Amino acid sequence: MTEPPSRLRAGCVKHLRLVAAVWVLAIGPPLAAQESPTSLVADTTSPRDTLQSFITACNELDRRIRTDKRFDRSDPLHLAVAEMALDCIDDSEIPAYARAEKAGEVAVCLKEILDRAELPPWDEIPDAEQIAEAGGMEQLSYYRIPNTRITIARVEDGPRRHEYLFTPGTVELAQPYYEAIKGRPYRTSGPPVSKGFYRWYLSAPGNEFLARVVDRLPEGVRVGRTLGLANWKWIGLLVTTAASLAVMVLCYRLQIRLTQRAAERSLLGYWLTLALPVTAALSPLALRYVAHHYLTLRSLPLYVVDFAAILTAILAATVVIFGFSNRLAATVISSRYINSAGLNAQLIRIVSRLASLFATVTLWLVGGQYLGIPVATLLASAGIGGVAVALGSQDTLRTLFGTLNLLADKPFRVGDRIIFKGYDGVVEDIGLRSTCIQLLSGHQVKAPNDQLANADIENVKRRPYIRRTGRLMIPINSGAEKVERAVVIVRDLLRDHEGMDPERPPRVYLDEFTPEGFVVEFNYWYSPPDYWEFKAFGDRLNLAILRGLEVEAIPLSLPQRHSFWKQDDAQGPLDVQVVGAAEG
């Protein structure tokens, strides 16, 4: 018989087999004396070898489960014998998240089917020599077991190329095929059968302590089934699911309550709060572990728990990714070389958010593929709707580039007061899509970054000083002496005034003559540009000017007004008629 072709298997399985093989050689009695398989590796060089390896491994696994009253995943021999049976199955089309358990259920169903079918003598099933005599593997690419729907075929590509395995079609139909023929009696001739193998598969626990507990339960709870699952497993599943959900809810509530408080107090405390979403993300994975290794769920309930647990973990991991990026950005910004209110800090925050989005999309794509979602098909279909997606994403891209322009030009930063399109307020946050502005009126405005990047922005915070221009109106019938005295009063009050910039001394002039009076204009520059200090100084200056004019008996002129009166008490519009006009 030719040696089986080399195969690429997972490293952990290789090590388990090696440990199990060494252990078997070191202890007695040997497996052969116990009617056990003489090799822990399936021979898949021909249909006969594949079928023999499969039946032998299943019988040995059934014997061990009945003896130990559980399937012990920590026992190397249990795992090695189970792997020997699984090696005979082509599981390439089973989603990765359920591959091991689905293949296990298929193996049990195939064994139950074979135990009810009259198998031909071994010499009628092709082996390696008969394949060679027939002209090689190309002449005998598959073998259909008589009186069954089970097919063993040669694998044409992949890591298990040229091995004879139960086909993907057989794998897909194994469970419904077993349900259709499970009422038939077991055969009484041929290879040994494993009576009740599927029932043990559904009911056996996976832990020694749990096995002793289950063994003491009433028979209806121990072996009775509801919706295809042992009743005791339903109880365990409900308890562990409730515990997992409680842990997640508690972690997220604590996260909401503590994260902001910790971020304001210390960076270390902020990092420690990341343990809460991490624990929440691990909770569904812990539920999945218990379902596999303790409850040993089977069939549809296991696939539902697997899918839901992994999907929940992926969504929870998204929270971890964003939390990690926020803390990493906060750590970088806390450096003494970076202004926490500057645009460089905002750039770090935005880059961290973009990195979070990229990591999240990658996680969803990889996770979706692991869950069996046809990611490649979805990506290919994106080409069909590419034009629609491109058109729909124009605004998003425009806003993103607007954000980059803002970061490059740096027209303002968080804390700056700006005037933009009639809005006057303080910048609170520069986000990935928009900028939040708290108006002086108290209202909050969200301005898209692309509009800010293309608009005229007045940055009030960056002014080096505050300039004031004032005008005093002296009556037209005042003499030159009073007008000159008014100019001197204002000029004296502004000489070396509070907040004066030596490079910008105050200016006071008799500006012009108007029909209403003489205009005295004054200008001064106040620095530093503290608005409320500027207003307080203006208040004191105005009162001082009024007192100075009052001492000199210099009145201020009122704007020229014309009043029209009606001759009766009736309400209504006032009719005004022009009876003449000046010429020239």
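Cβ atoms are placed via backbone N, Cα and C, with glycine included.
Annotations in TrEMBL come from automatic prediction, not curation.
The annotation transmembrane segment is assigned in TrEMBL to 234-255 (among others). Proximity of distant same-chain residues to the transmembrane segment (234-255), defined by a Cβ-Cβ separation under 8 Å and at least 6 residues beyond the stretch ends, is recorded for 221, 226, 273, 276-277, 279-280, 283-284, 286-287, 290-291, 294-295, 297, 301, 305, 312, 316.
Annotation source TrEMBL lists transmembrane segment at 267-287 (among others). Note on the transmembrane segment (267-287): residues 240-241, 243-245, 247-248, 251-252, 254-255, 258-259, 305, 308-310, 312-313, 316-317, 319-320, 323-324, 327, 330-331, 334 of its chain, located 6 or more positions outside it, place their CB under 8 angstroms from a CB of the stretch.
What TrEMBL lists as transmembrane segment is 307-326 (among others). Residues 97-98, 248, 259, 274, 277-278, 280-285, 287-288, 291, 352-353, 355-356, 359-360, 363-364, 367, 370-371 of the same chain sit 6 or more residues outside the transmembrane segment (307-326) yet have a Cβ under 8 Å from a Cβ within it.
Per TrEMBL, transmembrane segment is recorded for 347-365 (among others).
The domain 'Mechanosensitive ion channel transmembrane helices 2/3' annotation in TrEMBL covers 363-394.
Taken from TrEMBL, the feature transmembrane segment covers 371-391 (among others).
The domain 'Mechanosensitive ion channel MscS' (396-462): residue composition by secondary structure is 19 helix, 25 strand, 23 coil, according to DSSP. According to TrEMBL, the feature domain 'Mechanosensitive ion channel MscS' maps to 396-462.
Residues or ranges marked as domain 'Mechanosensitive ion channel MscS C-terminal' in TrEMBL: 474-552.
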Open item on the list: Treating G and I as helix alongside H, and B as strand alongside E, what does DSSP give for the domain 'Mechanosensitive ion channel MscS C-terminal' (474-552) in helix, strand and coil?
Closed with: 36 helix, 23 strand, 20 coil
